[in-house]
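Trainee: Next up is a structure, given as structure tokens.
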Amino acid sequence: MTPTAITIITLSIIMGTILTMSSSNWLMAWIGLELNMLAILPIISKPKTTRASEATIKYFLTQAIASAMMLLSSTTNAWQTGNWDILELKNKFSTTIMALSLMMKMGAAPVHFWLPEVLQGTTLQTALLITTWQKLAPVTLMYMISNNIQPALLMSAGVLSMVVGGLGGINQTQLRKTMAYSSINNLGWTIMIMALSPNLAIMNITIYIIMTTPVFLMMKNTSMKTLQNLTTTWTTSTATTLSIALLMLSTSGLPPFTGFMPKMLALNELITQKLTTLATLAIMTSLISLLFYLRVAYLIMMLTPPMTIPASTKWRNQNQKSQPMAVMIPTALFITHLIPAIPF
């Protein structure tokens, strides 16, 4: 891929997301999402493999269906109300269809099936892009219409995403699929709390992006793709191994790491709204997801004794610059003390 093509694709992805996030009209938001989606297709299909082609087709079809649902929803609402404004989505049918289309674009349950397969067929850089940047525009649109969506729909989808993300990640040996189910699980928390405190939902997805970005970057630097690869990094990259284990524990929501704070605030909001049963259910589903996070950390830190193997591994001779990691990893682990100062 030529530098000119890379520049055009990168600018299209950025401009598409910015256009959607800054729009007040459904048509402009739809155009931004389409621009974003069409620009990322060449990136997904860049590896000339059957898996990459399959992932590209799956991503295109699901995003196209979600875009068609968005057009149906906004057109029906405009027909009923005569208004294309995003904040004026008043029709109940339109609101439900729009919420489902945005969940499909994000990869949240019950329309999550494409996400693990697409991530498994792409490179780690593309997987990072899909699980972070590509979620910004749909989450922003859901934030803007959150007051009009039925709370029962958001809470049901959120709990279902947490259950699917937890159960789906347990038996995975591929790290990209594990991270996909981790994304689904964290989206569940975001969608569930969106019904009660949209600002808290935005904070939750922001912290998830901060935590998952260094994980993908370290996986890329060390060419990790499976759990077996994790057990071979101890002697060649001890700091990376330890950092990935701590970041997994942070993503699971264990204190005193960063991931604990948004979950605690979400549970506090649920209990304040007298939704104790839902809070208990959220805690139980988080324990399910904790199982596979702990499994990864256990494989990294407990099962592999220090060894000196004379065989050269595929990343041993690479000279990686780690200056960005020196900033990103502490931020992802220990930003907790700043969160109480953030207004909600």
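The backbone N, Cα and C atoms fix where each Cβ goes, glycine too.
Residues annotated as domain 'NADH:quinone oxidoreductase/Mrp antiporter transmembrane' in TrEMBL: 23-289. Marked as transmembrane segment by TrEMBL: 152-170, 191-217, 237-257, 278-303.
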Trainee: Given a Cβ distance threshold of under 8 angstroms, which distant residues of the chain, six or more beyond its ends, lie next to the transmembrane segment (237-257)?
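Mentor: Here the qualifying positions are 182, 186, 208, 211-212, 214-215, 218-219, 221-222, 230, 263, 286, 289-290, 293-294, 296-297, 300-301, 315, 325, 329, 332-334, 336.
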Trainee: Please indicate, using numbers and ranges, the residues of the same chain that are 6 or more beyond the transmembrane segment (278-303) and have a C-beta under 8 Å from a C-beta there.
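Mentor: Here the qualifying positions are 155, 159, 162-163, 165-167, 169-170, 172, 178, 181-182, 185, 188-189, 192, 227, 230-231, 233-234, 241-242, 244-245, 248-249, 251-254, 263, 266-267, 270-271.
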